[in-house]
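Student: Feature list, courtesy of TrEMBL:
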- 3-128: domain 'EamA' (DOMAIN)
- 23-45: transmembrane segment (TRANSMEM)
- 51-70: transmembrane segment (TRANSMEM)
- 82-106: transmembrane segment (TRANSMEM)
- 112-131: transmembrane segment (TRANSMEM)
Amino acid sequence: VGAWTVSGYFLLGREAQRRGLSIGQYVAVAYATAAAVLLPLPALFGTPYTGWPLAFYGYALAMALTSQLIGHTSFNWAVRWVPPVMVTLAILFEPLGSGFLAYLFFGEVPAPLVFVGAAVLLAGVGVAVLGQARG
């Protein structure tokens with residue numbers, strides 16, 4: 001379901017930008033919609049919005065500025081110029097990147113099977129990219 005949702009999101013984004021919506025306008029609508037849908041969820045599940053350590057809010061802000069505004073906006077921009085399937089494949093690298101950052105910042109060493117999974121992921125993306133280039 002998640003893959004279908006992301007694919008639809010990217011296809012809509014590509015079409016919206018091709019019809020003249022700027023990247024700024026598109027992400028403003030997309031991110032505002034996401035915020036409106038997601039903001040009530042903690043209350044629905046009984047999770048408080050306040051009372052967390054101050055560092056938590058700093059980390060949340062840092063994630064919003066880096067992964068959301070820079071990372072996801074880059075993906076949204078790319079779908080105008082690159083086939084959405086390629087952008088979706090690029091997203092598969094997010095866990096590899098976060099694992100690498102976890103190692104750099106926190107010294108977390110992935111389990112050996114994680115490296116096997118990364119190799120399978122790289123091989124699969126390679127096959128898909130080669131297939132896309134040929135076809």
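For all residues, glycine too, the Cβ spot is worked out from N, Cα and C.
Computed from a predicted structure; not experimentally measured.
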Student: How many of the residues that make up the domain 'EamA' (3-128) does DSSP mark as helix, as strand and as coil?
Tutor: 99 helix, 0 strand, 27 coil
Student: Quick test of the contact rule: Cβ under 8 Å, at least six residues beyond the ends. What residues does that give for the transmembrane segment (23-45)?
Tutor: 9, 13, 16-17, 68, 72-73, 76-77, 80
Student: What residues in the same chain, six or more past the boundaries of the transmembrane segment (51-70), come closer than 8 Å to it by Cβ-Cβ distance?
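Tutor: Contacts of the transmembrane segment (51-70) (Cβ under 8 Å, skipping residues fewer than 6 from its ends): 31.
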